[in-house]
Each structure stands twice: as structure tokens, then as C-alpha cells.
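Novice: I'd like to ask you about the structure that follows.
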Amino acid sequence: MPHGHPGSQPDEGGELSNGSSSGELTAQIRFLEDEIALLRRKLTESPRHARLLEQRLAEATERVNQLTERNTKLIDTLREARGQLLALREEVDRLAQPPSGYGVFLARFEDGTVDVFTSGRRMRVSVSPSVETSSLVMGQSVRLNEALTVVEGGDFERTGEVCALREVLDDGGPEGSVARALVVGHADEERVVWLAQPLLDSPLKAGDSLLVDSKAGFAYERVPKAEVEDLVLEEVPDVRYEDIGGLSRQIEQIRDAVELPFLHADLFREYKLRPPKGVLLYGPPGCGKTLIAKAVANSLAKQVSKARGEDHKDAKSFFLNIKGPELLNKFVGETERHIRLIFQRAREKASEGTPVIVFFDEMDSIFRTRGSGVSSDVETTIVPQLLSEIDGVEGLENVIVIGASNREDMIDPAILRPGRLDVKIKIERPDAEGAKDIFAKYLTDDLPLHADDLTEFGGDPAACIQGMVQHTVERMYEETDENRFLEVTYANGDKEVLYFRDFNSGAMIQNIVDRAKKSAIKSLLDTKQPGLSVRHLMDAIVDEFAENEDLPNTTNPDDWARISGKKGERIVYIRTLVTGKNQETGRAIDTATNTGQYL
């Protein structure tokens, strides 16, 4: 052992130093690896942290937005609450204010004060600076505060008493203009009132109805008189002379009386001929009296518009349509007042050079013979009122009175004399030729006709219509037992048989055609065969005659005869002669014999 290798000790020391260096390196390597792992872990965790931060930032931003929106809503709510508080405060202040009074403005003065009428007194008050005194007009309402200061201008009064204007007084009012008028109020009480500003610019005539505040003493506006305004036919009737059948002679007479003086006024002046003042249309009911009056209004309106160069579509007729019973009033003098208003309105329109027609329908109801009244004597004052209007001291120029009546014998003779109702036109019941003309107005070739009837006339609608009219008229006017209607006994013992043709009228013919058309419609619905046929017209005649059997009752058959158009000897007895009326159904015919059953 002592002889070991030399240098062995130094080798061991070298190995030890090499081993420690190796351990340090290993430790350093491990440390570095740990550092690398830490760095790698941090590098891996860094995006996750960034995302977390971004998420927190987004949440914070969203919360800020929510808080901002909430803050905005709170601001709006506070602003609205503040506005409501201010409104409530204003409402409380307004409710706490004392009440305001109203007055009527009368006049203004240079010192800025004004006169008003309030609480039944005339007072001079001051005006608020916010009110322009120059804008206030006479009669205007003004609002006053508790100190009686004018704080606001208002409108004109719209309610009050209706008074009639008697006359306008030509003296200066507070504003230096015509401002006073004499009016008549309730119970003919007269008073002088101021005219408000709206009335100063409008023409006023005696008789106008004015709205009056009797306490303030002002008239504010003109009130339309419905009782007269409603009488004017602003819309022209659509009835022409061509639409009237069977009355060509009567139409010519009334055109000569009404239209000729207007169309050829120069010739009338040259021949010193005054146009007639009135026309009486009389005759049985349903024969066209009112129809002619409508045609006169239509024709006259077109003639006036043509003379003025206006479009006929804009034509207006000055046609005062007066229904007789409509004028009657239980108060004494009211009917006469209405008549005066009617003719006053007619004179106003006629003064413009336009012809005016005053049409009295059922004239016998109000202008009957004086002294003939049983329960009243209203005609003793109504008739003189009409007479004085037609040819009194105040003449009627360009005004024509047309009366219609089926009892002309009851009209006062003073009205019917020449110079008043000059022209008297009898509207008679249509004869056979007149009936054909009337049928032609209702049966036209554009109506659907039955195939059998068309075939009979070779398919010509015009010839078919003409044949149907011919057959119908022959059936109505033939003197057969089927057409016998009544046997009348006169006071002298004579008897006369009256046929249905003696009671025919234009209204009856129209009714027959309407019945036939309705039967044609029912036949179409039942049998599917369209068209109007002669058979429908024949059945319509039978039905119409059957209805005329049962006439209203009267105790005086002579009165019925006068209305129906039969004049002459007094009738004392009437008996029906209706036989064979509805042979198809075998209906029994009742023959009534009690006197006066038929009116």
C-alpha cells in the first residue's frame, strides 16, 4: 500500500472539483429550466389575464351606459315634475284670482279710458296696457278684472231677443256714424237701440229681424226670417213643360200670362199693356195644377239666367211657394203679418228687375168668401190684406200671383175680379187624347217590354208602346157596363150615369202605370219572363178602379161633386153601379146606397 501510485491524491482532488462544478451546472440548469417554465407559464397566462381585463372593462362600460341612461331619465323626470309643479302653481294662482266681469264697449277717449256698460250701469274705466283701445269696436264684449279694468277684448253677443226693425235713425252715434235704430219687440214694445259694428256695414230694411240685447241696448246681427226664407225655392224644380201631358192649351195660356210680359217687356210698353197681376189655376184634384206651377218656376229661372248670360245650371227661381194652411195662425194678426212679409220679400226681389211668382197652393183654405166661416171669421181680415197687397196704394211691379184651388167657388169674389187674378185657367180632367199624351210621358220605348207584345208589333218598341197606350186608353174611356161608376140623382129628379172616365186624372194615370210596372217586376220574379205587357196595364186599370169604389164618407154629396169637378144641378143622391169588376176571381160586388158615402 505504501508503494501506491504516485500522484493519486491530486487526482482525487481533481475529481472533487469536477463533481462540484457539475452539480452547480445542474443546479443552474434546473434553475434556468424553472425560470423558463415560469416564463412559459406567465406567457401562457398573459392572454387570459388580458381577456379578463377586457371583460371587466366591457362590464364597467356597460354599467356606465346604464347609469348614464338612468341619469337622463331622472333628469327628464325631474324636469317634468318641475313643469307640473309650475303648472299646478299657475293653476292655484289662477283659481285664487277673483272672478272677472264682462261689459259692452261703448266709446274710447283721448286719455286712454273707455266707457263700458256693465252690471246695468254705464261706467268709465281704465284699460290694461296689453289691450289696444284702437282695436275695440262699438258693441264688443270686454273682460274686466276686480278693479274694473279692461284686460281683454271679446266677441259680440250671440244670444238675445229677436226684434223687428222699424226704421234706421240717421243720426251720428258715438263713433260718428249711423248707429241707432227703432225696433219693435215683444208685445209691440218700441225701443231705440245702438247698432253694433257688424250691422253698420250691412244694408238694413224695415221688417228685418235683429238680435237685440235689451239690457245693453245694442242690436248685434240680422237674423234670417225662416218663415219667409223657407218660401223661396233656391233649387229650381226639375219639371219642364214637356213633362206635362194633356194640358197644352193651359200651358200656352199660362206662358202667355207669365213669360210673355218678361220676354217682350218692350212690346208691352209700346202697346201700353200692363201684364196680368194674377193667375188662378182651378180644377179637380190630381190634374196638374201644382205641376204647372213647378214648370213655371223652372222655365222662368232658365229665362232669367239666359237673359243675364248665366249658365242655366246656376239658375235660381224667385218662386215663393205658399201653402195655404201653413199661413194660418191662432194669434190674431199673425196670418196678415205673414202675408205682408211675403209680398215685401217679393217687392225686394222684383225691384231688381227680376220677375217674381207668388204661388198660393190650396188658395180656398185661407181666402174663402167673407162671411162664410162657421167657427171663425179670420177671412174677414185675411182677404182684405191680400187685396191691398195686390192692387193697393203700393203697386206690384214684376210680381205675379198664381193661385191653385179645387174649390174656386169658395174663394172670395173680390180676389177673382179683373185687375187682381186676371187670368183664370181651368185644368180639366184629361180626355182620351190627353190621356194618351200623359201615358206617353210614363211609357217610353226604353222600358223592358214583354216578348209577346213586341212580336205582335214586329219587334218595334215605339210601335209596341203606342199600341199599348191605345189599348189602355180605349179600355179606360169606353162606355161599357164594366166602366160604370155612379148614378147620381139631382134635386130636380133627373138621373145621370157617370163612368170612370169622368173621374180620370193625370195622377190616376201615373198610378196605373206604376201599378203595371210593379206587376211586371213581380211577374219577372215569379215566371222569369221579363217585360211590361198590355195585360199588366189592364190589371192595373181594374185595381185602380176597384180602389176608387171605397171613397171617404161625407154627409154632403154636392160638396164632393164640386171637388170632383161636376158642376150644375145640386146632387142629392149617389148610388154605385160597379159591376163585373174582377171577373177572374169572381169577387162579389157591393152596391152601397147610403147617401153621401163617396167623397
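Note: Cβ is positioned from N, Cα and C throughout, glycine not excepted.
Worth saying up front: this structure is predicted, and the values here are computed from it rather than measured.
Pasting the relevant annotations from Swiss-Prot:
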type	residues	note
REGION	1-22	region 'Disordered'
COILED	21-97	coiled coil
BINDING	G286, C287, G288, K289, T290, L291	ATP binding site
Novice: Of all the binding-site residues given, C287, L291, which has the fewest Cβ neighbours within 10 Å once its own Cβ is left out?
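Specialist: With the binding-site residues C287, L291, fewest surrounding Cβ atoms within 10 Å: L291.
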Novice: Within 8 Å of the centroid of the Cβ atoms of G286, C287, G288, K289, T290, L291, which other residues of that chain place their own Cβ, given that this set defines the recorded ATP site?
Specialist: G283, P285, I292, A404, I427, S505, G506, A507
Novice: When you measure from the Cβ of G288 (ATP binding site), how many other Cβ atoms are you left with inside 10 Å?
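Specialist: So the Cβ neighbour count for G288 (ATP binding site) comes to 27.
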Novice: Give me the non-local Cβ neighbours of K289 (ATP binding site): same chain, 6+ apart in sequence, Cβ-Cβ under 8 Å, ordered along the sequence.
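Specialist: Counting only residues 6 or more apart in sequence, the Cβ neighbours of K289 (ATP binding site) under 8 Å are L281, Y282, G283, A404, N406, I427.
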Novice: Does DSSP put K289 (ATP binding site) in a helix, in a strand, or in coil?
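Specialist: Once the DSSP labels are grouped into three classes, K289 (ATP binding site) ends up as helix.
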Novice: Applying a 10 Å Cβ distance cut-off over all chains shown, what neighbour count does G286 (ATP binding site) have?
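Specialist: Other Cβ atoms found within 10 Å: 20.
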